[in-house]
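Taken from TrEMBL, the feature active site, proton acceptor applies to His306. As annotated by TrEMBL, FMN binding site applies to Pro132, Ser133, Ala134, Ser161, Gln182, Thr210, Lys282, Ser304, Asp337, Gly338, Gly339, Val340, Arg341. Here TrEMBL flags Tyr184, Arg219, His306, Arg309 as glyoxylate binding site. The annotation domain 'FMN hydroxy acid dehydrogenase' is assigned in TrEMBL to 53-366.
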Amino acid sequence: MSTKLQNLTPERRKYSHLLHSFLFSSLYFPLSVFLRSPTFTIWIAFTISSDQTMASEPVNVSEFEALAKKALPKMYFDFYAGGAEDEYTLKDNEEAYQRITIRPRVLVDVSRIDTSTSILGYPISSPIMVAPSALHQLANPEGELATARASAASNTIMILSFSSSYNVEEVAASCDAVRFFQLYVYRGRHIAANLVERAERSGYKAIVLTVDCPRLGRREADIRNRMIVPKLKNVEGFVSNDVDAGGGSNLEAYANSTFDPTLSWKDVAWLKSITSLPILLKGILTHEDALKAVEVGAAGVIVSNHGARQLDYSPATITVVEEVVRAVKGKIPVIVDGGVRRGTDVFKALALGAQAVLVSINLPGF
């Protein structure tokens, strides 16, 4: 039975007017800017030859994804688009949005629509931010530099991935904009400490700690393709990615040899002790963990199942947003990622209590 959005709380009521601008759109504002910006050649553009071009310009995210599949090497497309194991959660992240219906109200003056909002006090043009996703240069030579410029042009916040193709300093120098930095914690804690200090020095405004990755999820497409992880610029000089994959995914072998499986709630205090930046926790799916996040002093939570790339058969993110929102009781912002493909998805997330959504330009993300 589908969920119906009705009787919005007063603080969410102002978003009801967004329905008219979002309805049946494909994240047109501001995602269309990312896809069309002169500063950002979408992943596929530089590899599609003239005889491969579509008869008409793509008009939604799914059509761009279809072009990307034609243009990118299979190993890279599968890396960007794949999920864990049976990919049940990967499919459900999108289908769960489709099960939610909307009861539109009519005869409302929508001549003046304001989609702007703010996250941690930083104003953005709409409640759509750029999620952390790895290795943009696999798809575009300019990689995260292009993503950063497009984010700035769209007046939104980009969360730079720990596993980016360009390092924190290079992305910070690419343009003037508000950016957050996403952090994994390796077994050598000095690496995380170094990166946090560099991010703070480079003007990043928050740290986004990924908390759902004690080991890398079993991504079978990467195993079949024998995915090889390129050098990660942020950890050059600290860690080598030359690890024995045993005939499988070099990415999986590298991640499982470097990620710290002992990471726990007490380490949020450690992280807070080495930075003055606010810390958001990415990977929250239950009210219990949302409450813990508030208790340990997180500045915000991101409802995320890692783009369905970690634990298959975990819940679709949109299905647990209300649970998390109720748990934090407005004390900290709640952001959600996973499965967002259209403006109506953004509207549904906002109506259920999220302050913003994260979208990955290269699909689920790492």
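Cβ atoms here come from the backbone N, Cα and C positions, even for glycine.
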On the 0 to 100 scale, where does the mean pLDDT of the domain 'FMN hydroxy acid dehydrogenase' (53-366) fall? 93
Arg219 (glyoxylate binding site) to Lys282 (FMN binding site): how many Å between their Cα atoms? 20
Please find which two of Tyr184, Arg219, His306, Arg309 have the most distant C-alpha atoms, given that the record lists them as binding glyoxylate, and give only that distance in angstrom, rounded to a whole number. 18
If you rank the binding-site residues Arg309, Arg341 by how many other Cβ atoms lie within 10 Å of their Cβ, the lowest count goes to Arg341
